[in-house]
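S.K.: Quick one: this structure, given as structure tokens, is what I'll be asking you about.
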Amino acid sequence: MMNAVITSATINCNSLSPSWTCGDNSPSKLLLGEISAALSRRRTVKVSCGKSSPDDYHSTLKSLNSRGRFPRKSLGQHYMLNSDINDQLASAADVKEGDFVLEIGPGTGSLTNVLINLGATVLAIEKDPHMVDLVSERFAGSDKFKVLQEDFVKCHIRSHMLSILETRRLSHPDSALAKVVSNLPFNISTDVVKLLLPMGDIFSKVVLLLQDEAALRLVEPALRTSEYRPINILINFYSEPEYNFRVPRENFFPQPKVDAAVVTFKLKHPRDYPDVSSTKNFFSLVNSAFNGKRKMLRKSLQHISSSPDIEKALGVAGLPATSRPEELTLDDFVKLHNVIARE
């Protein structure tokens, strides 16, 4: 990919739409001041980019101002200011004509616009009612967009998607699995990953913009480190994860304290999941193992079987009797679970 240098731009009252007011104490003045400060700090930001797009920080400002809105920390809202990142998100998911895409937290609709322009039909889930109204108005003339006002981590997304895909297949029998593309609210990233990855019968790819530190913990944890956790076993059980690229924090408003990153999860179809006798029991074993992370498995799994029996199972699985959970790969846990399940 080509590297480009994005330079800061000057924003002044004359460049804004008539709806903007710049009185000393107006909300718009405060919003403009914070955006200008954020942009002045990003003198040079290197990103891989394609063509330019007008749906950038200007439209983000105007959209927020039109609603008198300010990003809410409680909702993890950080709006994208660089339209090229939206293009790259869509590219990472290989979005094309006829795709069905789920977007979580559409915000002002800048990423949504890219997806629709590529020919995708978009279902957006948005918790903030003001943003629901904004994107509903923005895409009112499109038959490729629907937004639901719901808290994603509490909504029945599987039911929504199964109903939608069933209807689509009546008119498009050969339609592919859906995709997820989202600039995710940072405060729900782990919950979203846990919800989406087991849906390989619905989604083929999940492409998310996450905090960089979280992305590295989820995708590239090292064995025998404190970063290696049960969620890493879950991720590799249900998907093939890939860290795509880092997104500097200067590309967001408000500017977060950390950089972000784009991550792709290529979901496995259920028929390709690791062969375990019971998925529920498998993850119960994994979670139990990590509850005593620094303990040997023969101690942390005592509620499942006696220490001598756990040691025996470890031996049959080809693992040392002194094994600890952070030392086991997904395949190791699968072998251990299946040995214990047979006994």
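Positions of Cβ are set from backbone N, Cα and C atoms, glycine also.
Quick caveat, the model's predicted, so the values are computed rather than measured.
Reproduced below are the annotations present in Swiss-Prot:
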BINDING   His78, Met80, Gly105, Glu126, Asp151, Asn183  S-adenosyl-L-methionine binding site
TRANSIT   1-48  transit peptide
S.K.: Just how spread out is the S-adenosyl-L-methionine site if you go by the largest Cα to Cα distance in Å among His78, Met80, Gly105, Glu126, Asp151, Asn183?
M.R.: 21
S.K.: When neighbour density is defined as the number of other C-beta atoms within 10 angstroms of a residue's C-beta, which of the binding-site residues Glu126, Asp151 has the lowest density?
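M.R.: Comparing Cβ neighbour counts within 10 Å for the binding-site residues Glu126, Asp151 gives Asp151.
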S.K.: For Met80 (S-adenosyl-L-methionine binding site), list the number of other Cβ atoms lying within 10 Å of its Cβ atom.
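M.R.: That number is 24.
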S.K.: With DSSP assignments reduced to helix, strand and coil, which class does Asn183 (S-adenosyl-L-methionine binding site) get?
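M.R.: Its secondary structure by DSSP: strand.
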